[in-house]
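Annotated in TrEMBL:
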type     : residues : note
DISULFID : 185-262  : disulfide bond
DISULFID : 206-245  : disulfide bond
DISULFID : 234-257  : disulfide bond
DISULFID : 275-352  : disulfide bond
DISULFID : 296-335  : disulfide bond
DISULFID : 324-347  : disulfide bond
DISULFID : 377-454  : disulfide bond
DISULFID : 398-437  : disulfide bond
DISULFID : 426-449  : disulfide bond
DOMAIN   : 20-98    : domain 'Apple'
DOMAIN   : 102-181  : domain 'Kringle'
DOMAIN   : 184-262  : domain 'Kringle'
DOMAIN   : 274-352  : domain 'Kringle'
DOMAIN   : 376-454  : domain 'Kringle'
SIGNAL   : 1-19     : signal peptide
């Protein structure tokens, strides 16, 4: 079933007047959630499934999914903040907006986020607990106020906003620092921007993400269910400095959008580490040397290499000094080097699990965040190579095959669907003498990759440096 058929079916399943009820939900086509707390029910349509979620009393229903082919409804306590999204055909996932939001409107009596510390940094006491403070507000006395766990809430309509009882015996309660909801502004680089701006900075209309005209591309909403690629709204699905979109102008493939930065404090950051965890996007250590021993270039400088991975463009990625970081979703932390002949290189960061026993490893890291295996060699002319090497013979970083900047080209995933043109990995879609890629250096269109034939290496497959 293609995307248009799913949309048509979705519209047919809606009953008159139901649209307003669904305004409180975010829907994602072709997506499902891994859920431990759920109910699987028969339903005649989306409206029936919606009613079952709204009427659930055994647990807080934060999301539901409707399987159109099976006419099956699953209501769940989890959402995409607390569980992993998986792709599934013929399924529409609906998540309650209020449980996805980490900002407040007005005095925040409708806030249902997961902030659990006061503005002074003290951990909140659970609403159902009686130590160190006996509460006046609890889940049993105020069952409709969302008093779950130890999350900040405003059950008494306090004018100063959400608060909680604290775990400090000398401080009964305190207020929480919940940012105001500002949908048409962005935090950081706009990775989580979900507003409705749909014009570029030069005033061009955005092309819908589910359209391939006038520009064919690989950002299919069903393939990126967690990126909220809805309608033709500006988004940042690939680690760019700010949200962007493909345009409806055939002569202009894509352009950034002019979205202001939010003025209120950003949502609380994710935990940070001094060692490598997953892809190292939250690494905040001080390693500043690459795997080959090159000194890293400062992120704020443009020599010897000009770039746009600057502290100003990525304000939440901690691009301090010349420390190795991963601001753009690479496979591991990296940096530009001070060697004018080597643009960038990965860094060797100690793994967080290197000293832990097997039963101490963190199983919460999703499979897609594990450090990938790099196929270090290729057979024949490399047309079958499907490794994750993304560096050229001179050390330049590869341009994504789906991107048209800095180099426009026709070797796209759509034009070569069987060539494995994923991310910016080295490939050989056109029968050249070996794997190659377009580079991110505007002055060098393409180069062969830093790979050897397996006959020359013994067929090695190794892990990326950890």
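Easy rule for this one: first residue shown is 1, then count along the chain.
Using N, Cα and C of the backbone, Cβ positions are placed for all residues, glycine too.
These figures come from a predicted structure and were not determined experimentally.
Feature map: annotations from TrEMBL on the structure.
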| residue | record | Cβ within 10 Å |
| --- | --- | --- |
| 185 | disulfide bond | 17 |
| 206 | disulfide bond | 23 |
| 234 | disulfide bond | 24 |
| 257 | disulfide bond | 23 |
| 262 | disulfide bond | 21 |
| 324 | disulfide bond | 24 |
| 347 | disulfide bond | 24 |
| 352 | disulfide bond | 19 |
| 426 | disulfide bond | 25 |
| 454 | disulfide bond | 18 |
- Reduce the DSSP letter at residue 454 (disulfide bond) to three states and note it down. helix
- Inter-residue C-alpha distance, residue 234 (disulfide bond) and residue 245 (disulfide bond) (nearest angstrom): 5
- Three states by DSSP: which one describes residue 437 (disulfide bond)? strand
- With H, G and I counted as helix, E and B as strand and the rest as coil, say where DSSP puts residue 296 (disulfide bond). strand
- Item | residue 449 (disulfide bond) versus disulfide-bonded residues 206, 275, 324, 398 - nearest by Cα | 398
- Quick one: Cα separation, residue 206 (disulfide bond) versus residue 257 (disulfide bond), in Å? 9
- Message: Given the disulfide-bonded residues 245, 262, 352, 437, tell me which ones have a C-alpha lying within 10 Å of the C-alpha of residue 324 (disulfide bond).
- Response: none
- Message: Within its own chain, what residues at least 6 apart in sequence put their Cβ under 8 Å from the Cβ of residue 398 (disulfide bond), listed in sequence order?
- Response: 390, 391, 392, 424, 425, 426, 437, 438, 439, 440, 449
- The answer, for which of the disulfide-bonded residues 245, 275, 377 has its Cβ ringed by the most other Cβ atoms inside 10 Å, is 245
- Given the model, what does the mean pLDDT over the domain 'Kringle' (274-352) come out as? 90
